[in-house]
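So that you can see what the record holds, here are the features copied from TrEMBL:
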type	residues	note
TRANSMEM	36-56	transmembrane segment
TRANSMEM	76-95	transmembrane segment
TRANSMEM	102-121	transmembrane segment
TRANSMEM	141-160	transmembrane segment
TRANSMEM	172-192	transmembrane segment
TRANSMEM	212-232	transmembrane segment
TRANSMEM	262-284	transmembrane segment
TRANSMEM	299-318	transmembrane segment
TRANSMEM	330-356	transmembrane segment
TRANSMEM	362-387	transmembrane segment
TRANSMEM	399-420	transmembrane segment
TRANSMEM	426-445	transmembrane segment
Amino acid sequence: MGAGSSTEAEREPLLVPAYVGTNSQPVHSRVYGRRWLVLILFSLLGLMQGMVWNFWGPIENSAVQAYGFTKSDIAVLVLWGPVGFIPWLLFMWLMDKKGLRASLLLSAVFMLLGATLRSIPVTDLHVRRWMIHGGQFLNGLAGPTIMSAGPYLSTTWFAPDQRATATAVATLFSYLGGAASFLVGPLIVPAPNDSQAAAALSSSSIQSRIQLVMYAELAAIAVLFTAVLFYFPSRPPIPPSVAAASQRLSYRSSICRLLSNFRFLMIALAYAVPTGVIAGWAGVLDMVLTPVNVSQVNAGWVGFWSIVGGCIFGVAMARFADSIRGMLKLILVLMLAGASLSSTWFTLTCLSSFTHLPSTSAILYTSCILVGVFINSSVPIFFELLIETVYPVPEGITCGVVTFLGNLATGLLLFFLTFYCTEVSWLNWCVTGSCLFSLVIILFFRESYDRLYLDVFVSV
């Protein structure tokens with residue numbers, strides 16, 4: 001497999017001799033019931049981190065009136081999520097050296113500090129805006145661990161026939177948090193009043209509702225932080241599989257291995273470009289749908305169902321991948337083909353004045369939701385294929401690199417949006433192009449299953 005494949009020595013487990021003969025003892029492995037509690041705590045933290053990150057996009061119009069934000073400000077508030085990935089190497093080092101507990105606790109501290117900072121009720125709007133920006137940035141610093149540690153958790157705690165499902169749950173709950181923001185924000189926070197006479201009263205009402213939601217999110221994060229502080233072990237006493245107990249590359253060797261592996265770089269780009277572009281696009285979905293006369297509340301429902309549908313479909317496909325192994329590439333091809341078709345449909349529908357295609361609310365909603373369903377559901381499948389491709393590189397480091405690249409794509413998109421926010425149809429073309437780009441790469445990608453090889457051919 002070239003420079004990107006693992007050697008036989010690297011596949012050897014730690015718990016058995018290098019030679020596995022007919023009379024050798026099998027590796028003693030065990031799965032613990034507490035793994036579900038660990039998965040739930042991690043997933044709920046991801047849910048809250050996603051909710052805080054996507055808080056302002058769905059209520060863009062309300063935030064503009066209540067706090068004096070501009071459209072560029074809303075884009076920057078969403079941009080703090082990708083900016084939080086700048087020190088990703090530090091978080092990956094901490095996870096590799098100290099385990100998942102230390103890394104997750106640090107992320108929970110950042111989330112708690114960020115939620116507290118943005119919830120302080122300062123009357124000076126200028127100071128309040130800066131505090132909100134600071135809170136969003138601190139929440140973004142939790143992203144490297146929350147968004148990349150799911151596969152590491154699933155390998156450490158779950159048996160091989162449950163790994164993809166656990167990866168899907170741990171990964172997609174962060175996306176589900178973004179979906180919850182599409183629902184909670186527009187339903188609780190009222191839309192701005194167009195009447196000039198009622199503008200002051202409307203602003204005061206909007207601010208009080210926004211404050212209520214921020215207090216509720218702060219309370220939820222505080223409870224989860226306390227739970228993780230009291231109980232969140234890094235690993236079980238006995239590993240659940242041979243792969244979980246096997247020798248891994250060091251931190252430095254892993255980074256060098258990844259950057260020199262052409263097959264990894266191929267699939268990393270195939271993952272990062274569409275997921276990064278669509279994350280930025282979804283974060284300002286209200287801005288995208290406003291020109292086609294979709295209200296703030298309806299845009300919230302579209303965003304909600306696109307992510308919830310992706311989460312449900314993603315868990316179902318991950319369970320299918322656990323049942324029929326070695327089919328990850330085929331699953332991705334089908335998902336990306338669906339994303340390419342639905343994004344093209346949505347983009348052309350938004351330009352109905354030029355394309356003369358039928359443009360109804362049902363068509364806009366359906367095509368937009370399908371884009372989110374296909375791309376969001378592909379995330380855990382991408383993670384599993386990446387890990388299989390570069391094994392024995394640790395899962396946390398592998399997923400840390402690709403999530404950094406995905407957030408880099410999101411950051412670049414939102415950076416350009418701060419300058420070109422008057423007319424945003426170009427965002428839809430970026431979504432379509434990114435899906436087609438990823439589909440072409442996956443079609444030419446040569447898959448391998450090094451981790452699966454270890455679990456199948458070494459007696460457990």
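Cβ coordinates are placed from backbone N, Cα and C, and glycine is handled just like the others.
Each of 212-232, 262-284, 299-318 was scored by its Cβ pairs under 8 Å to the transmembrane segment (76-95), and the highest score goes to 262-284. Per-stretch counts of Cβ pairs under 8 Å to the transmembrane segment (399-420) identify 262-284 as the leading one among 172-192, 262-284, 299-318, 330-356, 362-387. At the 8 Å Cβ cutoff, the transmembrane segment (330-356) and the transmembrane segment (426-445) share at least 3 close pairs (sequence separation 6 or more) and count as touching.
Residues 43-44, 46-55, 57-59, 61-62, 64-66, 146-147, 199, 202-203, 205-206, 209-210, 212-213, 282-283, 285, 295-297, 299-308, 310-311, 314-315, 376-377, 379-380 of the same chain, all 6+ positions outside the transmembrane segment (172-192), place their C-beta atoms under 8 angstroms from a C-beta of that stretch. Across 299-318, 362-387, 426-445, the stretch most heavily in contact with the transmembrane segment (262-284), judged by Cβ pairs under 8 Å, is 426-445.
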